[in-house]
Amino acid sequence: MPDPAKSAPAPKKGSKKAVTKVQKKDGKKRKRSRKESYSVYVYKVLKQVHPDTGISSKAMGIMNSFVNDIFERIAGEASRLAHYNKRSTITSREIQTAVRLLLPGELAKHAVSEGTKAVTKYTSSK
């Protein structure tokens, strides 16, 4: 059994920023692989909508899978649209059309308006 004094402390759940070094048997240190996730952003949105509500790690995992799934669907559809129109670049127009095709009714309208707002904010900040 490894000596607990030599091993690095476990990083906090949900926090994927810090790359801690792990002690190997031969004394050399190696970096732990980073796990990318949307947990920080999901948490920020949760606090904007419901400041007094928390989220379990299991629920965060589900939300992370959901965001990854939606991202892949939109990217795939946008890629197809660009290919159909003989374009090599995915622009905000392809993303917007992909969102309209993938999301139902009112949800698509809200997503498009929020996306347009985000792009406008980004463009004006440049």
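Glycine is no exception: its Cβ is also placed from the backbone N, Cα and C atoms.
Among the features that Swiss-Prot reports, region 'Disordered' is placed at 1-36.
Taken from Swiss-Prot, the feature compositional bias 'Low complexity' applies to 1-12.
Annotation source Swiss-Prot lists N6-butyryllysine at Lys6 (among others).
Here Swiss-Prot flags Lys6 (among others) as SUMO2 cross-link.
Taken from Swiss-Prot, the feature N6-(beta-hydroxybutyryl)lysine covers Lys12 (among others), and the record attributes it to experimental evidence.
As annotated by Swiss-Prot, N6-crotonyllysine applies to Lys13 (among others).
Annotation comment: Swiss-Prot describes Lys17 (among others) as N6-lactoyllysine, evidence class experimental evidence.
Per Swiss-Prot, the feature N6-(2-hydroxyisobutyryl)lysine maps to Lys21 (among others).
Here Swiss-Prot flags Lys21 (among others) as SUMO2 cross-link, drawing on a large-scale study or a structure entry.
Per Swiss-Prot, N6-lactoyllysine is recorded for Lys24 (among others), and the stated evidence type is experimental evidence.
Here the Cβ of Lys35 (N6-crotonyllysine) has 9 other Cβ atoms within 10 Å, regardless of which shown protein chain they belong to. Marked as N6-crotonyllysine by Swiss-Prot on the basis of experimental evidence: Lys35 (among others).
Among the features that Swiss-Prot reports, ubiquitin cross-link is placed at Lys35 (among others). Lys35 (N6-crotonyllysine) carries neither a helix nor a strand DSSP state and counts as coil.
Residues or ranges marked as phosphoserine in Swiss-Prot (evidence: similarity to another entry): Ser37 (among others).
Per Swiss-Prot, the feature dimethylated arginine maps to Arg80. Annotation for Arg80 (dimethylated arginine): no same-chain Cβ neighbours under 8 Å separated by at least 6 residues are found.
Look at Swiss-Prot and you will find Ser113 tagged as O-linked glycosylation site, backed by similarity to another entry. Taking the Cβ of Ser113 (O-linked glycosylation site) as centre and 10 Å as the limit, one finds 10 other Cβ atoms among all the protein chains shown.
Look at Swiss-Prot and you will find Lys117 (among others) tagged as N6-(beta-hydroxybutyryl)lysine. Other Cβ atoms within 10 Å of the Cβ of Lys117 (N6-(beta-hydroxybutyryl)lysine), summed over all protein chains shown, number 10.
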Name the one residue among Lys35, Ser37, Lys121 whose Cα is closest in three-dimensional space to that of Ser113 (O-linked glycosylation site); these are the recorded positions. Lys121
Under 8 Å by Cβ from Lys121 (ubiquitin cross-link), same chain, sequence gap 6 or more: none
Cα distance (Å, whole number) from Lys117 (N6-(beta-hydroxybutyryl)lysine) to Lys35 (N6-crotonyllysine): 30
